[in-house]
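For 72-77, 106-110, 130-131, K142, K151, the entry in Swiss-Prot reads NAD(+) binding site, with the evidence type sequence analysis. Swiss-Prot lists E184, H246, H263 with the feature Zn(2+) binding site.
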Amino acid sequence: MKTLHVQTASSSYPVFIGQGIRKKACELLTSLNRPLTRIMFVTDEEVDRLYGDEMLHLLQEKWPVKKVTVPSGEQAKSMDMYTKLQSEAIRFHMDRSSCIIAFGGGVVGDLAGFVAATFMRGIDFIQMPTTLLAHDSAVGGKVAVNHPLGKNLIGAFYQPKAVLYDTDFLRSLPEKELRSGMAEVIKHAFIYDRAFLEELLNIHSLRDITNDQLNDMIFKGISIKASVVQQDEKEEGIRAYLNFGHTLGHAVEAEYGYGQITHGDAVALGMQFALYISEKTVGCEMDRKRLVSWLKSLGYPSQIRKETETSVLLNRMMNDKKTRGGKIQFIVLNELGKVADHTFSRNELESWLNKWRLEETS
């Protein structure tokens with residue numbers, strides 16, 4: 001088991017990473033020295049089917065536990081589901097010494113975390129991610145639900161009290177979910193660690209990744225994320241760099257319809273556009289064709305649907321949280337492993353997006 005410590009302006013908490021950690025859940029939670037009267041255990045339908053009863057029985061050995069299951073997929077991050085979980089917490093007689101455990105992927109973590117942040121003005125919250133994608137979202141304290149006009153527009157910054165990351169769960173993931181999570185690992189390498197990126201470029205099949213490689217990738221990815229969050233907890237500066245690939249990615253997700261494309265596939269599209277615009281506007285030197293070819297070889301899409309209009313995507317991007325005064329703050333690379341933000345007008349970005357789309361279809 002590996003342990004990382006995240007220190008932010010508002011809190012400090014451990015991240016436990018390793019195989020079989022779920023079996024030590026009671027021991028690890030007790031080690032936090034937090035008063036725990038009751039636990040609401042939130043999971044999704046798919047994770048519940050595979051591991052829900054096992055985790056419920058483990059936790060019930062020590063505390064009163066209420067299990068609440070939400071639909072699998074992005075549709076669970078809704079105000080309706082948020083209200084349902086608040087009602088479940090009230091009916092279960094949760095108090096300020098109670099705790100919510102998010103047992104699932106990023107959707108469950110975002111939803112359950114936002115409930116914890118707002119129930120009785122904030123109660124303890126534990127992340128137990130079960131996907132590779134959630135290695136990114138479980139650390140850093142961003143919790144939210146979606147609005148029909150945009151992703152993650154209603155939320156808060158609320159740090160967990162601990163993250164328990166059992167890597168055994170990742171071996172049961174379908175390949176599309178493994179690929180989705182790998183996109184965030186790749187993002188971390190693009191923006192902060194060129195040597196790590198070179199390591200990743202040697203991977204040609206996601207199913208050939210060994211347990212040791214997987215644990216190492218997760219540890220490096222979380223270490224990069226933790227380092228950024230420690231310096232900028234509430235995205236007032238460098239934390240925005242973690243949105244590399246996400247400005248277009250979120251627009252594509254929203255326009256296709258949540259659940260119609262995985263978050264990682266959408267971010268991979270966004271990163272390919274970000275590489276293009278980094279090369280064309282700030283002169284980032286790289287072998288872009290090699291990078292794009294590698295992403296394609298791992299199964300990531302390289303083109304936006306032809307029927308999706310560029311102007312519609314720009315409308316989505318104008319609603320992005322990084323937009324200021326009608327200008328879009330877009331995360332670019334000065335060089336591989338070194339990131340910066342760049343401001344574009346709507347017309348500028350629309351022009352570059354049209355040029356990139358034309359290049360990808362030629």
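Here, residue 1 is simply the first one shown, and the rest follow in order.
Cβ atoms are placed via backbone N, Cα and C, with glycine included.
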Q.
Which one is it, among the binding-site residues E184, H246, H263, that lies nearest to E74 (NAD(+) binding site) by Cα separation?
A. H263
Q: Please name which of the binding-site residues listed here, E184, H246, H263, is nearest in space to D110 (NAD(+) binding site), Cα against Cα.
A: H263
Q) Excluding E184, H246, H263 themselves, which residues in that chain have a Cβ inside 8 Å of the centre of the Cβ atoms defining the Zn(2+) site? A) L133, D136, A183, K187, G245, G249, G264, A266, V267
Q: In whole Å, note down how far the CA of H246 (Zn(2+) binding site) lies from the CA of S72 (NAD(+) binding site).
A: 22
(Q) By the count of other Cβ atoms within 10 Å, pick out the sparsest of the binding-site residues S72, T131. (A) S72
**Q.** E74 (NAD(+) binding site) CB neighbourhood, other CB atoms within 10 A
**A.** 21
Q) Out of E184, H246, H263, which of these binding-site residues is nearest V108 (NAD(+) binding site) by C-alpha distance? A) H263
**Q.** E184 (Zn(2+) binding site) versus T131 (NAD(+) binding site) - Cα distance in angstrom
**A.** 12
**Q.** Residue with minimal Cβ packing [other Cβ atoms within 10 Å] among the binding-site residues K151, H263
**A.** K151
Q: Reduce the DSSP letter at K151 (NAD(+) binding site) to three states and note it down.
A: strand
(Q) Sequence gap of 6 or more, Cβ distance under 8 Å: name the residues on the same chain that satisfy this around A76 (NAD(+) binding site), in order along the sequence. (A) D44, V70, V107, V108, L111
**Q.** Which same-chain residues, if any, lie at least 6 apart from H246 (Zn(2+) binding site) yet have Cβ under 8 Å of it
**A.** V267, G270, I331
Q) C-alpha of K151 (NAD(+) binding site) to C-alpha of H263 (Zn(2+) binding site): distance in Å? A) 11
